[in-house]
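Participant: The feature domain 'Succinylglutamate desuccinylase/Aspartoacylase catalytic' is assigned by TrEMBL to A:13-208. Positions annotated as Zn(2+) binding site by TrEMBL: A:HIS23, A:GLU26, A:HIS115. What TrEMBL records for A:GLU180 is active site, proton donor/acceptor. Among the features that TrEMBL reports, domain 'AstE/AspA barrel-sandwich hybrid' is placed at A:224-304.
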Protein chains: 2
Amino acid sequence: MSSYSSSARFDEARRVAIFGGTHGNEMSGVTLVNLWVKNGSEIQRKMVDTKPFITNPRAVEKCTRYVDTDLNRRALFFPTTDGDLPYEVQRAQEINRIFGPKGSPEAYDVIFDLHNTTSNMGCTLILESSKDYFNLQMMNYIKVTDIRLKSLLKASIQLVECCFTSVNIVLCDWFIAGLEVGPQPQGVLRSNIFEAMRVILKHALDFIELFNEGRTGVEFPTCTVEVFRVLERIDYPRDANGNIIAMVHPNLQDGDWEPLNPGDPMFLTFDGKTLHYQGSGTIYPTFINEAAYYEKQQAFVTTRRETLVASAIRKKID
Amino acid sequence: MSSYSSSARFDEARRVAIFGGTHGNEMSGVTLVNLWVKNGSEIQRKMVDTKPFITNPRAVEKCTRYVDTDLNRRALFFPTTDGDLPYEVQRAQEINRIFGPKGSPEAYDVIFDLHNTTSNMGCTLILESSKDYFNLQMMNYIKVTDIRLKSLLKASIQLVECCFTSVNIVLCDWFIAGLEVGPQPQGVLRSNIFEAMRVILKHALDFIELFNEGRTGVEFPTCTVEVFRVLERIDYPRDANGNIIAMVHPNLQDGDWEPLNPGDPMFLTFDGKTLHYQGSGTIYPTFINEAAYYEKQQAFVTTRRETLVASAIRKKID
């Protein structure tokens, strides 16, 4: 039995954007968004305006992560008074004008930012806050209704709460969903990864349609969602000059979301020594050996497994 | 029983070069060569001068395939009279001066060019000619003596004869070995791929040492070697504007070296249609969905399986 009074209330989600090509060599999002720009029938839902959008067209053209600076992480922190701004900073400002600005009546309600990773992460939604009940409910809906994702990726959806600053944060009012799907090399389009991303978007848009439906919308009751909370970033072992001296250990490679216990192998030095995890408790590494994170001095991130309770949600009634 | 008279005779292989970073984002070769530049004891053999060398340092610095043009394929065909040559063309000329020029007494005897691929190809040696008995014998030696490669890659070494023009072709007298190991995303170093490449080089250098040994060297008797002869390059299906409209089919993805028979699935269009192989006989695709070949309009290459007889070889005696 649902209770009107206990549900968290959100405005209808009438304007939805789907960003591809925030990193121009992550081909699932680039390809899907380009397809939907030509023919958007697949992403249309009743009473929802869905806009597919290539966020970094110059990087897409060059099939590179970025041209001047990472649109996803750093672009937003450049001083805006400089005369000659990096391309991605200009572009972030332009995107903000089109889809934001945050807090304005014109701002988009939901933005999906589509990414691929070279890590063996399956499907991952990156949220900014464990209080983001809309996205938590959406993920729960996708997990419950999905029948195809498991066979496509042999893995279920994972949900990560972390401190990464996504390009989305300044662009929409509340609902931010960074979607990572992998493993897929940069510049490559693999059919299973492409289909997995497509299926997630289908379910997510169905969820939004249901949420909006009729005068009162559908109530999504309280649910529990397993999440991985990001703890810290682990660099590769280095020598005194800063050169990498070890690789991710074969036991850890591709083991995203698997427990890493004290004493487990973590790195293998180039001269054959195994370095073990020295922490005091079990952690769950992810983004293991992601290509784009070498320049960020990051071999993987550690996470802790938690179960969150997502409050029931329902749309606001005028 | 070996016969002196029937053996093909080759000069001793006294000068050996190992090239890494011909493509700056193929990390196994980059890492191994950088290690060996610092400490070459692992690659030293009796009476052999082995030189590890980063061929495209600017691309390595940027972790990109190339800066101006592909060193591996096109650099050698630019007109040399231009005042402002692309970086890789200048670099190819410089490399040719150091390790060549072809036919000169100063030219290196053997050059290994280390590459990675995003395709699921295992270990592959790319030769220019089926008459290259030295390399065929070397591959046979590696296959026979190897005990670790199969466990590292769950695949045996493959040997490809093809028409690719490698940077090596102008650089050495006869012995050209382009080594491809994968799957590995660009910009990533995976320990199993790294170790596989290292093991192949170890065996290859052992072979050279044996070949040179003593006054007469060791004779390597006639052997048979399975090779894959490259037939043609297959592009992705495209629309009238040249845009890709399909992906490698999941049944073909990662199936490098597996037979593709008439009627087998080959591509999957973005709207879900399967395109089948329409040829008249069995082929063996490889370089399937290689990241760097999208710009070359190539989804995979087809090959035919053949068994070659490699003549016995022995070093020339003065």
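Glycine residues also receive a Cβ, built from the backbone N, Cα and C atoms like all the rest.
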Participant: Just checking, which of A:GLU26, A:GLU180 (recorded positions) has the fewest C-beta atoms within 10 Å of its C-beta?
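Facilitator: Taking A:GLU26, A:GLU180 as the recorded positions, the minimal 10 Å Cβ count falls on A:GLU180.
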Participant: Would you find the one among the binding-site residues A:HIS23, A:HIS115 whose Cβ has the most company, meaning other Cβ atoms within 10 Å?
Facilitator: A:HIS23
Participant: Where A:HIS23 (Zn(2+) binding site) and A:GLU180 (active site, proton donor/acceptor) are concerned, what is their Cα separation in Å, rounded?
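Facilitator: Just about 12 Å between their Cα atoms.
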Participant: Between the residue listed as 'active site, proton donor/acceptor' and A:GLU26 (Zn(2+) binding site), what C-alpha distance do you get in Å?
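Facilitator: Computed Cα spacing between the residue listed as 'active site, proton donor/acceptor' and A:GLU26 (Zn(2+) binding site) is 10 Å.
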Participant: In the domain 'AstE/AspA barrel-sandwich hybrid' (A:224-304), how many residues does DSSP call helix, how many strand, and how many coil?
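Facilitator: The domain 'AstE/AspA barrel-sandwich hybrid' (A:224-304) comes out at 3 helix, 34 strand, 44 coil.
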Participant: So, in DSSP terms, is A:HIS115 (Zn(2+) binding site) helix, strand, or coil?
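Facilitator: Going by the DSSP assignment, A:HIS115 (Zn(2+) binding site) falls within a strand, counted as strand.
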Participant: What is the average pLDDT across the domain 'Succinylglutamate desuccinylase/Aspartoacylase catalytic' (A:13-208)?
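Facilitator: PLDDT averaged over the stretch: 81.
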